[in-house]
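Over in Swiss-Prot, the protein carries these features:
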type	residues	note
ACT_SITE	Ser143	active site, proton donor
ACT_SITE	Ser144	active site, proton donor
ACT_SITE	Tyr158	active site, proton acceptor
ACT_SITE	Lys162	active site, lowers pKa of active site Tyr
BINDING	Ile21, Asp67, Asn94, Arg127, Tyr158, Lys162, Ile191, Thr193	NADP(+) binding site
Amino acid sequence: MSDNHRLDGKVALVTGAGRGIGAAIAVALGERGAKVVVNYAHSREAAEKVVEQIKANGTDAIAIQADVGDPEATAKLMAETVRHFGYLDIVSSNAGIVSFGHLKDVTPEEFDRVFRVNTRGQFFVAREAYRHMREGGRIILTSSNTACVKGVPKHAVYSGSKGAIDTFVRCMAIDCGDKKITVNAVAPGAIKTDMFLAVSREYIPNGETFTDEQVDECAAWLSPLNRVGLPVDVARVVSFLASDTAEWVSGKIIGVDGGAFR
């Protein structure tokens, strides 16, 4: 691996890293030499398994519980990271929740539940990352391809919560320039995780009777590469954005959907 792609000597924090895309990101950053904080909200056992995998690959890691929908908890998470490893270089904000509901049925409680984590949570993750991070760091948020390129029925709350991230990134990249910190986001499409499989039929017209195999076929059909996206596909892009190679990339939203929406 090119030295510019290595992360030796770096400390990375990944939120929502107990499973799915977040877990893949944490492992990938560790494989490139970073020490990793695996943040989780509820899935302690899963997070500890991610830590074990990172350590088995030759670097250090620790799991820290925090609800990143709570700004005070986020601040404590960052401070604990710095206390444990001495400093902080990379923050990958991955915690998120999905929601479906027709406009007429969305309650204020559901709206607030989604925006608390997906939008407000990511904003304050970025704020605390800036406050705790060394000069030249990397902040990588998570948007969605439904945020800017594709309208999905009954998906306004989720898509809107992610659409704000695109604006955050463009503005935060300017604010963070004084510390030479880059700010970018990945915007995944259909990525095969347990969360996606739980809700994927909502994306497919009349898809409620589809088997998992049929869902995979639909997702693969959307991409000219004719396969389903995997968590490692997102992790590789995050690893690039975290590296020295991406020093001149900031304020960008990188689609990771295999060309599904062009």
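Cβ coordinates are placed from backbone N, Cα and C, and glycine is handled just like the others.
Where Swiss-Prot records a feature, it is marked here on the structure.
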| residue | record | Cβ within 10 Å |
| --- | --- | --- |
| Ile21 | NADP(+) binding site | 29 |
| Asp67 | NADP(+) binding site | 17 |
| Asn94 | NADP(+) binding site | 29 |
| Arg127 | NADP(+) binding site | 17 |
| Ser143 | active site, proton donor | 29 |
| Ser144 | active site, proton donor | 28 |
| Tyr158 | active site, proton acceptor | 23 |
| Lys162 | active site, lowers pKa of active site Tyr | 28 |
| Ile191 | NADP(+) binding site | 21 |
| Thr193 | NADP(+) binding site | 20 |
Task: Close recorded positions near Ser144 (active site, proton donor), where close means Cα within 10 Å, chosen from Ile21, Asp67, Asn94, Arg127, Tyr158, Ile191 - done: Tyr158
Open item on the list: Please give me the recorded positions out of Asn94, Arg127, Ser143 that lie within 10 Å of the residue listed as 'active site, lowers pKa of active site Tyr', comparing Cα atoms only.
Closed with: Ser143
